[in-house]
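Dumping the structure here so I can ask a few things about it.
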Amino acid sequence: MAAKDVKFGNEARIKMLRGVNVLADAVKVTLGPKGRNVVLDKSFGAPSITKDGVSVAREIELEDKFENMGAQMVKEVASKANDAAGDGTTTATLLAQSIVNEGLKAVAAGMNPMDLKRGIDKAVISAVEELKHLSVPCSDSKAITQVGTISANADEKVGSLIAEAMEKVGNDGVITVEEGTGLQDELEVVKGMQFDRGYLSPYFINKPETGIVELENPYILMADKKISNVREMLPILESVAKSGKPLLIISEDLEGEALATLVVNSMRGIVKVAAVKAPGFGDRRKAMLQDISILTGGSVISEELAMELEKSTLEDLGQAKRVVISKDTTTIIGGVGEKHSIQSRISQIRQEIQEATSDYDKEKLNERLAKLSGGVAVLKVGAATEVEMKEKKARVEDALHATRAAVEEGVVAGGGVALVRVAGKIADLRGQNEDQNVGIRVALRAMEAPLRQIVSNSGEEPSVVTNNVKDGKGNYGYNAATDKYGDMIDFGILDPTKVTRSALQYAASVAGLMITTECMVTDLPKEDKSSDSSSSPAGGMGGMGGMM
């Protein structure tokens, strides 16, 4: 086991504080509409430029191990805030820095660290309750646009694209961000349920000019099995042919004479038919087939449920207004499933998302949720260079997370105003002793830090602006972009309540742990043995010289 370097008390805290300040100072320059860029060196390729707090935090590693521990603990604040709300990483880092700096001053002055932490926690609990009272619902397109615009660093085009995407696919719909091919940002919406499986034979194509299969008002047969024997399918094929409607077959696989028979029937015009493989694998395939059956109002023909393909009737088949099949994808539009069945399935998937432990499972469940609830929107980010593309894509993803958080828990006045108002409302809060009161004051002082930094980044005097904002009421605040005072909601400067709440809670949690730190332990740096061994022969030779 390697030897350890151990530091205690004030010596340990000073080292830790240096690390906290290095990381926080690098992150906080990005805050606000006039925040600056940070250039990150890469081991290969061009440097990347970002205004995203968590991207900056992730890049920072310090040489001194004790200082690095402080930096890594603040990095945890940014990561946790990012995981919880997808935004607010810079605010969280700034709050943590302020609490740690003020808290450690109090510890150095002889205050009890545990009581300080209790005071900070008490202030944060009260502040979160006040934030909930200040919060207003964010449901209309205008408010969503404003939140997206603020989070994308005042890029109105991004804000309006996100609002348009949410309008088209619903608040629960999946919105993905991709790198575009042009200079302009684009929004592409895929309505209905789409999955990554194309036609099993190009002979099914009935739109040769576009190379796709289109079926109008088709029946949909779903089978959780391989189909290779044509006899199994004959009864249902005859029933569909009599109805005059087209047929889509979704099965684990379709091969041999069964596929050949379908192709021949389709080419002769006896029955308009197409076949695709079921999406997913294993249990996920079963679940997705069940989703499709609920969406289309049919049943999955499954041997596990003692259902046989030969005995299936038209009542077992699903229906949709339209199906479009390309080489790689199948899209089912306008399924005729019952609304309440679809809603109960959506509720079930939401429950599974809450219980899921892995990010991969959550991602796949969210995809299924979106396909059932309305569709998928793809935001294609346009830029002139690859460096700009990466920076812009990170901003758009932040803005998307922020708007989702806003829809979930509502919005409060932005620009650091909400925390200043909350601090004003709980200014009379008291703890059980004077040390706890100091902890409360540390937290209240920290709540001004985001506003002060936004003002500082815009080139104005933080104390003057902060006092002016404190003298105002309600949503009255400072618009750093235009250098004007007024109602932040009217200015369109909004912050999601969830983002502000998460930033405050995670900052206080980690900062409280740092204030109560008394000892730090790390590995001693290893000595370079090669330099010692290289010097010994010279010493020996010197000795021989002396003997002569």
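Backbone N, Cα and C define each Cβ position, glycine as well.
Quick paste of what Swiss-Prot says about this protein:
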BINDING   30-33, LYS51, 87-91, GLY415, 479-481, ASP495  ATP binding site
REGION    524-548  region 'Disordered'
COMPBIAS  539-548  compositional bias 'Gly residues'
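Provide an account of the burial state, proximal residues and distances for the features listed.
Under DSSP, GLY88 (ATP binding site) is assigned to coil, being neither helix nor strand in the three-state scheme.
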If you count Cβ atoms within 10 Å of each one, which of the binding-site residues THR30, THR90 comes out on top?
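Per the Cβ count within 10 Å, the most buried is THR90.
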Neighbour count first, Cβ atoms within 10 Å, every protein chain included; then name which of GLY32, GLY88 tops the list of binding-site residues.
GLY88
